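Report on one structure; see the data block that follows.
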Amino acid sequence: MAHNDQIAEASLKHPIVPLDKGQLYKYGTAGFRMNADLLEGVAFRVGLLAALRSRKLNSQAIGVMITASHNPSVDNGVKIVDPMGDMLEQDWERFATALVNAPSNEGLVEIYNCLATDLKIDLKIPAKVIYGRDTRPSGHKLITALASALDATNTEHVDYKLLTTPQLHYLVRATNSEGTPLSYGKVSEVGYYEKLASAFVRAMKGKKIDGTLTVDCANGVGGPKLHEFLKYIPKDKVNFDVKVVNDDVLRPEVLNLDCGADFVKTKQRAPPNPKTQAGARSCSYDGDADRIIYYWVDPETGFFMLDGDRISSLAASFIGDLVESAGLRDDIRIGVVQTAYANGASTNYITQHLKLPVTCTPTGVKHLHHVAQGFDIGVYFEANGHGTVLFSPDALDYFRNKAPQSPAQKDALETLVALGDLINQTVGDAISDMLLVEVILAHKSWTLRDWVMTYSDLPNRLVRVEVGNKDLFQTTDAERRLSSPEGAQDEIDNAVKKYKDARSFARASGTENACRVYAEAATRSEANELAERVARIIERYGQ
Ligand code: 16G
Ligand code: MG
């Protein structure tokens with residue numbers, strides 16, 4: 001019962017579009033992501049792979065998310081979620097790539113069967129796939145293609161319709177842990193809201209939130225979901241005053257347009273619409289609500305941004321203090337994970353002031369997540385605002401079961417347990433990260449200005465460089481150095497030496513055909529100058 005005929009027949013309805021110049025589709029850091037017109041056949045074939053993966057993992061549920069995050073609304077993407085809510089295991093990315101690039105219908109069926117044989121997958125056992133999509137209009141068509149592959153392979157499937165990416169990750173983990181001692185929560189969207197709302201109340205411990213928080217939802221799926229979540233917060237327990245803006249999901253063309261976390265981070269300014277009130281505590285989600293950036297506009301000094309590095313250092317500092325108060329400093333290993341894009345000032349602050357170890361990994365959530373799992377408490381954030389804090393099951397057990405010696409210890413332990421529920425353990429989550437920040441600011445009675453004052457960011461600049469072939473650029477040392485082309489790194493080193501407190505690196509983008517150059521230095525003009533210099537080096541070597 002190899003589903004051959006069903007796959008062949010269904011596949012005809014969802015053909016793959018050959019790419020220009022014989023290029024291949026590639027399962028990258030964000031799954032398959034491109035213009036939605038190219039994705040119908042891709043979604044169908046990803047369905048086949050998700051079914052195989054579920055069968056390989058003893059019928060556990062696999063997730064598929066349809067979203068292109070912060071990209072324009074004409075794009076879309078297809079991404080697989082593993083049973084614990086993690087990203088697809090890296091080994092399987094090439095199987096996805098192989099299936100999606102199968103040249104013909106017969107070729108597709110053949111690769112599907114080869115994978116099943118090579119990976120010793122029993123095609124007779126049950127399989128389950130659950131999925132959701134963001135607000136992009138193309139989502140319907142892609143879901144239809146995906147579901148058709150699941151029907152063809154006799155796979156049980158559940159359509160959760162509109163979801164944020166982190167909500168789907170939650171649901172995958174909740175589905176697979178249901179009824180076990182490690183149950184992650186009720187298997188429903190409501191279960192997600194209830195879990196977060198309850199943990200939020202417990203983590204707040206009666207503290208007051210100061211003023212209104214304005215949340216820019218990038219006109220994406222985060223808008224309706226945040227509105228929904230807010231209904232679950234008991235008003236008599238927490239005074240959380242939220243003003244939701246850019247929550248128009250009826251006009252697809254405004255998705256991520258001049259708003260959202262990616263806009264704020266890359267343009268280093270507040271969204272022009274609606275005008276950000278001076279002094280208002282504000283944050284922006286991205287189009288699928290897995291990134292968040294905080295900011296405010298100061299009436300005198302202008303725009304201030306609190307990005308992923310800031311959230312990471314804030315969380316590490318607060319959790320470090322709680323662990324200390326709980327009397328567990330020697331028992332619980334806390335680590336912070338960053339990428340080369342983390343501002344050097346944040347790395348210094350965490351290592352020197354907080355005295356916590358920092359590990360640098362290549363760009364891409366899966367790398368950070370993996371390293372963070374090695375700690376009792378692993379804090380990971382990319383500068384772009386994607387990140388979370390992972391608590392090991394042992395650490396959570398410890399917090400739940402340790403007998404407190406004092407009221408202060410009891411408080412700290414209870415807050416740690418609440419944070420374990422509040423913080424999405426599967427992936428970065430804008431709603432959950434926002435609640436975490438609000439909890440910490442309330443506990444510390446801090447404004448965003450107090451938060452900014454903890455250290456000063458080094459001025460930095462990111463430049464995108466068009467090159468003939470980005471694959472010429474290979475990196476080492478967590479992307480901080482180029483191993484090829486030969487000679488390029490020496491030239492970068494020489495350029496960096498000319499500036500004070502400077503650092504610069506170049507890497508090939510994983511999502512576009514270009515290289516990115518990052519530079520930071522003691523002053524803004526030096527950071528700009530260094531970035532331009534290094535960009536010219538890359539241009540020259542990339543010809
Ligand atoms: C993807 C990654 C993100 C990373 C970005 C870098 C995931 C889920 N997403 O969006 O973490 O920051 O790529 O893009 O891993 P770049 O390679 O084009 O610089
Ligand atoms: Mg996103």
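Cβ atoms are placed via backbone N, Cα and C, with glycine included.
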Message: Record says D286, D288, D290 bind Mg(2+). Source is TrEMBL. Which of S69, S504, S509 does it list for that same site?
response: S69
Field: Interface-richest range of 114-178, 211-293, 307-446, 462-536 toward the domain 'Alpha-D-phosphohexomutase alpha/beta/alpha' (57-94), CB pairs under 8 Å
entry: 114-178
Query: Which binding-site residues among E382, N384, A508, G510 have CB under 6 Å of ligand 2?
result: none
Message: Of S69, D286, D288, D290, which is closest to A508 (substrate binding site) if I measure between C-alpha atoms? They're all binding-site residues.
response: S69
Statement: Cα nearest G510 (substrate binding site) among binding-site residues (S69, D286, D288, D290) -> S69
Task: Taking Cα atoms as reference points, rank the binding-site residues E382, N384, R516 by distance from S69 (Mg(2+) binding site) and give the first.
output: N384
